[in-house]
Amino acid sequence: MFLVLLRACLLTLSLCSPAEDDGLVQEKLFLSSMGLWSRPKPSHHAAVPSQMWKIFKQASKQTVNDPCVVSEYGVRGNIVRFMQDQGSLISAPAVHSFNCVRKHLFFNMSVLEEVEQLSLAQLEMKFKQDLLLLGPHVFSVDLYRVLKTTLKGVTHESSRKLLQSQTLSPGAHASVLVNLTNLAQSWRKPEKNFGMQLELQVMHLNNMLHDHAYVQIPDIHATLVVVSLNPLQCRSRRKRSASYYLPVTPSNVCKPRRLYIDFKDVGWQDWIIAPQGYLANYCHGECPFPLSESLNGTNHAILQTLVHSFDPKGTPQPCCVPIKLSPISMLYYDNNDNVVLRHYEDMVVDECGCR
């Protein structure tokens with residue numbers, strides 16, 4: 001509930017008039033609920049994968065009954081991250097100087113909050129070129145877990161463990177998928193995360209080429225898709241009632257009022273991808289005596305209104321507050337330039353009542 005009130009305060013200064021420092025405190029509180037320690041400043045706006053757009057559009061539909069299932073991957077979750085590889089190219093030893101590329105892959109799993117339950121971590125390796133364009137060659141893709149490292153890097157075979165080996169021939173699918181859920185779970189402790197080593201090399205050269213002929217190794221882009229569940233932000237989606245459609249007739253009684261939050265107005269448009277804004281609404285109005293059924297008053301509010309009618313100076317009227325809220329899904333860049341899709345409860349005021 002405080003999330004809606006926070007935005008209302010920042011946008012309707014005439015009503016709330018928070019000091020600048022108070023506004024920063026409220027912003028930090030909201031950002032922390034998103035797992036962010038500060039306002040993200042993306043170094044570059046990475047393209048949003050098509051799968052992420054599909055999940056976002058599906059999650060935004062009001063017909064979805066369980067917002068805590070990511071049907072695209074068949075697992076439970078309300079947070080989806082596309083993590084960027086933070087590793088680098090490794091200088092190959094002389095014995096592999098021809099037709100072989102080694103790369104260190106690293107994904108920072110410590111960005112997950114402690115409360116999050118990891119459901120899936122899937123490595124997606126995509127080739128930037130069509131393998132058919134590189135000639136009739138067979139490539140091997142070997143993925144290793146790095147067990148330990150030194151200042152010189154991974155220096156011995158005992159320092160790594162083979163996770164998967166795969167061959168790719170012309171016409172093969174342009175991507176390789178590897179389930180790393182169990183390994184990624186251990187990576188949540190930074191001291192256990194040494195990353196992985198990817199080795200890509202030519203297995204068979206065309207008979208027309210001699211042993212030391214150079215064959216172009218395709219560039220490869222690695223991403224780790226991480227799906228997790230925050231149980232504190234996961235409730236069954238409630239269908240909006242007719243009261244969601246705000247009445248247009250003027251009235252001073254307690255009811256939802258229109259409030260559209262545009263993220264550009266608060267300077268967040270550079271890191272929030274979608275939506276660009278949303279209808280949050282707020283509650284405002286009087287709770288007059290006698291309270292009608294339409295004002296959704298509690299027994300306590302009814303009695304308080306009765307006492308107020310006899311002693312208006314000593315007893316205030318009940319307050320007009322949100323009693324029913326609904327969630328939204330947000331797509332944004334986090335502090336590590338990862339693309340994140342997250343489901344948030346209590347973001348839209350649907351109904352108000354006297355309390």
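Cβ atoms here come from the backbone N, Cα and C positions, even for glycine.
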Whichever of Cys16, Cys68, Cys100, Cys320 is disulfide-bonded to Cys254 when Swiss-Prot is consulted: Cys320
Disulfide-linked residue for Cys287, taking Swiss-Prot as the record, within Cys68, Cys100, Cys354: Cys354
Cysteine paired with Cys352, where Swiss-Prot records a disulfide bond, from Cys283, Cys319: Cys283
Length of the line joining the Cα atoms of Cys352 (disulfide bond) and Asn108 (N-linked glycosylation site), in Å: 42
Integer Cα-Cα distance in angstrom, Cys283 (disulfide bond) to Asn296 (N-linked glycosylation site): 13
Spatial neighbours of Cys254 (disulfide bond), counting only the recorded positions Asn179, Cys287, Cys354 and Cα distances within 10 Å: Cys287, Cys354
Least surrounded among the glycosylation sites, given as Asn108, Asn179, Asn296, when other CB atoms within 10 Å are counted: Asn179
Asn108, Asn179, Cys287, Cys354 screened against Cys320 (disulfide bond), Cα within 10 Å - retained recorded positions: Cys287, Cys354
Rounded distance in angstrom between the Cα atoms of Cys287 (disulfide bond) and Asn296 (N-linked glycosylation site): 10
